[in-house]
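Here's what Swiss-Prot has on this protein:
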type	residues	note
COMPBIAS	1-11	compositional bias 'Polar residues'
COMPBIAS	23-43	compositional bias 'Polar residues'
REGION	1-43	region 'Disordered'
TOPO_DOM	87-103	topological domain 'Chloroplast intermembrane'
TOPO_DOM	114-129	topological domain 'Cytoplasmic'
TOPO_DOM	138-154	topological domain 'Chloroplast intermembrane'
TOPO_DOM	165-169	topological domain 'Cytoplasmic'
TOPO_DOM	179-219	topological domain 'Chloroplast intermembrane'
TOPO_DOM	251-257	topological domain 'Cytoplasmic'
TOPO_DOM	280-286	topological domain 'Cytoplasmic'
TOPO_DOM	297-316	topological domain 'Chloroplast intermembrane'
TOPO_DOM	327-343	topological domain 'Cytoplasmic'
TRANSIT	1-73	transit peptide
TRANSMEM	77-86	transmembrane segment
TRANSMEM	104-113	transmembrane segment
TRANSMEM	130-137	transmembrane segment
TRANSMEM	155-164	transmembrane segment
TRANSMEM	170-178	transmembrane segment
TRANSMEM	220-228	transmembrane segment
TRANSMEM	231-240	transmembrane segment
TRANSMEM	242-250	transmembrane segment
TRANSMEM	258-267	transmembrane segment
TRANSMEM	270-279	transmembrane segment
TRANSMEM	287-296	transmembrane segment
TRANSMEM	317-326	transmembrane segment
Amino acid sequence: MADPSSQNPNLATPPPPSSPSPTHQIQSGTSELSPPSRPPCSTLSFLKTANRPKLRVTSEFDSDSLLFLNKVSCKLFDNLAKLKLSFQNNSQREISQPQVSFTSKHVSVLYDVEEKNTFIKSTLDVHPRLQLRALHNVKAQQGEVAMEANLTEPGYSLELSSPVPIGYPRATLKFPLGEISLQEKDEEEEEKQKRTLSVNGILKRQVMNGVCTALYTDEELRLRYAYKDDALSFIPSISLPSNAASFAFKRRFSPSDKLSYWYNFDSNMWSAVYKRTYGKDYKLKAGYDSDVRLGWASLWVGDEAGKVKTTPMKMKVQFMLQVPQDDIKSSVLMFRVKKRWDI
């Protein structure tokens, strides 16, 4: 916000005093001239120069659900904290899901007005290599505490966490190639409760021109290889022991044209998407999904992946046409608009 004094010099400096007559100078002798009277400060200039936080108002409308998603936020204490109010309202102006949140570097508080519940998250760096974290659900009286220590080797850390008030602790070792977690859990076996050790982890490694990933969770292993260059991406994956396999294929024909295809060998389901961009702020997408037997096309005005504040007029618009394969007459045209105001 511009300072009013820079727009009108008369508000910044008082008018110069009128030159005294020679007679007055002789009579006053060595006495000082009285300072000029200060012009009265108007209420309007005071309001303009008041240091209030700037409000950011964002509203998004979805024609499919006929709902407005509204957010009002401002930064406090020289951008050290953020206060945000979010809520939804329908065409009858009925407000639902109101939430108020306060976020700072070390403490975050989210209050759900309808549920009358508060979620608290805190982070504290007690040492350059030691961090404490805590999560708490006030209504459920449940949470989690965690401690993460960075080891001497770069990229290595050890995290210990435990549910509150009861639960088995979990230990996670993080390293440059992935992470491994260990946690005890109870299993029922022949009407008896048995305690077992659960192992989850993920490993990533560069192989040739791609990345090989192994994800193990809940006694299921998923292997995935992602090859990517400037024009081609090929991503096969398989899950064990179910042997469910799939692959994704992406081909870039030019900087503005791209085709993506996905196929699942287990279910014979597939989907395809063609994308074309026109500059930075226009994107056309068309595709088909065999799982729901639906063809669709969408037009984005404004950067789809970017923030609304970087788009022209701080607004993004999406138009989408959905055409069911089994009933073309029931095709529907939808749109979504997102706009931001800085007050």
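Note: Cβ is positioned from N, Cα and C throughout, glycine not excepted.
Within its own chain, the topological domain 'Chloroplast intermembrane' (138-154) has Cβ neighbours under 8 Å at 115-120, 128-132, 160-165, counting only residues six or more beyond its boundaries.
Distant neighbours of the transmembrane segment (270-279): 256-264, 285-291; these residues of the same chain sit at least 6 beyond its ends, with a Cβ under 8 Å from one of its Cβ atoms.
Count of Cβ pairs under 8 Å against the transmembrane segment (258-267): among 130-137, 155-164, 242-250, the largest is for 242-250.
Taken together, the residues in the topological domain 'Cytoplasmic' (165-169) have a mean pLDDT of 92 on the 0 to 100 scale. With a threshold of 8 Å between CB atoms, the same-chain residues lying at least 6 positions outside the transmembrane segment (287-296) that come near it are 267-274, 320-326.
Residues 230-233, 274-278 of the same chain lie 6+ residues outside the topological domain 'Cytoplasmic' (251-257) yet bring a C-beta within less than 8 angstroms of a C-beta in it. Residues in the topological domain 'Chloroplast intermembrane' (138-154) partition by DSSP class (helix H, G, I; strand E, B; coil) as 0 helix, 9 strand, 8 coil.
With a threshold of 8 Å between CB atoms, the same-chain residues lying at least 6 positions outside the topological domain 'Cytoplasmic' (280-286) that come near it are 273-274, 295-304, 311-312.
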